Amino acid sequence: MSAFVNIDAQRIPVALSHQPYEVVIGGEGLRGVGKELRRAGLKEGIKVLVVSNADVAEPYGDLCLQSLSDSGYRPTLLVIEAGEDQKTPVSVALIHDAAYEAKLERGSLMVALGGGVVGDMTGFAAATWLRGISVVQLPTTLLAMVDAAIGGKTGVNHPGGKNLIGAFHQPRLVLIDPSTLNTLPEREFRAGMAEVIKYGVIGDAALFQLLEGIPELNTPSQLHADLLEKILERSALAKSRVVSSDEREGGLRAILNYGHTFGHVVETLCGYGTWLHGEAVAIGMVAVGELAVLRQSWNRDDANRQKSLIAKAGLPIAWPKLDPEEVLYTLQGDKKVKDGKLRFVIPTGIGNVEIKNDVSREEIRKCLSELS
């Protein structure tokens, strides 16, 4: 991937009535995190607990701490395990322990430096420490940059399902340094591309077409810096617009769950960590695409376009061998169930989806049969 140089940061507002904030892309990146915190109104001199994992802390931890110190903050670094199988209340308790040792106060700050798992756990720890302190997201994976870090969803997994324990807790700032993708493993990059494709299907047909026109998508080295910036901007803008209009998933925000209903089943039944989150979402998008064809909501050509783009990104498209009745049982425990009815985000065309709560169990069985 080309070196990312962008002196002028791109600033995308998340226009919430009670606590608006910015998604900042580029600029000085992690070198400027201290300045960006001050711009966001976080007081100089406060204690800051930076939470990261070893793979991220090694190349970027000192850089982040130095920037915070230079701007007058008092940072401490906590390094945790960050696999999906570590996304548990026990791991959050470790963050709470570090917050206690650092004597964090209500005016203090937690900073998530890492991917989606670090962001989810740190956000939840901040939401529950002293009944809620501020959090800043510094995403270092593509998936976190375009999705997980934006919007305030935090939480951990339960043996019965993904993200069943959590809270809405909006960050004070999201700072995206695209240069951190230079050290991201290719598999993680591909997983993030699933969420980018999702935005194309649910509301940005032009983004979908842009991705279709790129010869190869499955490694970061295949994207020029200006193209990567465009992908990050369009994805962050898509997420921020939805969150700004529906912060707590009362309506429109549910479209962001496209591919996630089936995807969470795959993660739960295959075991957390077997698939990366983005990989499971990719499988889920193919599955719900098949469901949409069976319901005659969209045509086979569009379903095939989606499937081809997902495959081009190096993502899995095959449904795993799972007992259909176990799938149905797990779906019933999904947090998106409403009034006992299964809710799915169903595509009606590239760039358009509908939220449906009338999907029958027999339709799901038929869909799973077609996928097998």
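Yeah, the Cβs are placed from backbone N, Cα and C, and that goes for glycine too.
The NAD(+) site recorded in Swiss-Prot includes Gly116, Val117, Val118, Gly119, Asp120, Thr140, Thr141, Lys162, Thr180, Leu181, Asn182, Thr183, and the single candidate from Lys103, Lys153 that the record places there is Lys153. Among the candidates Glu186, Glu195, Glu354, the one that Swiss-Prot lists alongside His260, His277 as binding Zn(2+) is Glu195. One residue stands out among the binding-site residues Lys162, His260, His277 for having the most other Cβ atoms within 10 Å of its Cβ: His277.
When the binding-site residues Thr141, Thr183 are compared by the number of other CB atoms within 10 angstroms of each CB, Thr183 has the fewest. Among the binding-site residues Gly116, Val118, Asp120, Thr141, Leu181, Thr183, the ones whose Cα is located within 10 Å of the Cα of His277 (Zn(2+) binding site) are Gly116. Using a 10 Å radius centred on the Cβ of Gly116 (NAD(+) binding site) and all shown protein chains, the other Cβ atoms total 28. Here the Cβ of Asp120 (NAD(+) binding site) has 26 other Cβ atoms within 10 Å, regardless of which shown protein chain they belong to.
Considering other CB atoms within 10 Å as the measure, the emptiest surroundings among the binding-site residues Leu181, Glu195 are those of Leu181.
Look at Thr141 (NAD(+) binding site): DSSP puts it in coil.
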